[in-house]
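Swiss-Prot has this to say about the protein:
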type: BINDING; residues: Lys101, Trp125, Lys130, Gly150, Asp172, Pro173, Ser174, Leu208, Glu209, Met224, Tyr228, Arg343; note: carboxy-S-adenosyl-L-methionine binding site
Amino acid sequence: MLNNTILHAERELYLTLLAWAQQQPNAYEWLTQLPTWLNDIKDKANYAHAPAYQASVARLPTLTVDNVQLNSDILTIDAQLSDSERKQATALLKQLMPWRKGPFKIGSSQNEGEQAEPIFIDTEWHSDWKWQRVAPHLGNLKGRRVLDVGGGSGYHGWRMAGAGADTVIIIDPSCLFYHQFMAIRHFVGSADAHDIGRYRTHYIPVPLEALPDNSQLFDTVFSMGVLYHRQSPFEHLQQLKGQLVKGGELVLETLVIEGDANTVLVPHDRYAQMNNVYFLPSVAALIGWLEKAGFTEVRCVDVAVTSTDEQRKTEWMNYHSLADFLDPNDPTKTIEGYPAPMRATLIAKK
């Protein structure tokens, strides 16, 4: 069951890529693969929950939206919301749990007359905290084409649009995250549109390695929380580089450990209960990796230990979270005995 939200969003994506292709032939390969990318994520044979997720998005109530704040810590859709609409929307949005990246708020902040309390999607991650750490160090996003790799529900992609990006394309192969994005798109509507009416924020449900090599379409590429999941970090860095225009900016955020340029942790089995973590370099080692991959002007702009206030269990993500993955007797270590999660953000030029 597809509703107008998903169909219209996909049409806007197609028209955006078509406009690019008219100026840059590299975008034609994206256009030719787009139908396959979009059809695969809806295929029940590949994703058993896809029909249920589509139905949840299709049944969301249509609200009168007064304002959308894409550049606030809580991505806020200021809309008229009755009690019945609140109950309906909350139930449907909770069918898209777990919500990991956010937060989001839907409803009126005035609470006057018939208005219900806003819906607050309190996600597992305070993704706004990460954005606060990253944003001051970015080049100006105004008018730029941006690729957000591993964008989850799309929170950071919306923030990039709010910061003035001309076009943001979020990629992530998760069927759930794709439909979470579409649920938020349902309420955002055309609030992020250009003057000519084209949406600026789009989502393609594929991993980075599915994209055409060496597209060179983007002024800024973000890879946040992805590198440590890659079995070949240098291949990932080369793929990121291939999507950038010459002189473009890479924003890389990943797990790191203390140490010198020769220090890299390779977890034996799991790290913080994740079985798909392969390499945790020191900041110095990571700088060396980026330089070896051909990036220049590499700089580390932030290092932060992840706290149980930033990543935690909530009403909207009621599974295990960071507190369950740390040593109960020593929170500076994971349950496996490794250093607790610490994240660094590096910025580099192609």
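Note that Cβ sites are derived from N, Cα and C of the backbone, with glycine treated the same way.
Following the DSSP three-state reduction, the secondary structure of Lys101 (carboxy-S-adenosyl-L-methionine binding site) is strand. Among the residues the record lists as binding carboxy-S-adenosyl-L-methionine, namely Lys101, Trp125, Lys130, Gly150, Asp172, Pro173, Ser174, Leu208, Glu209, Met224, Tyr228, Arg343, the two farthest apart have Cα atoms separated by 26 Å.
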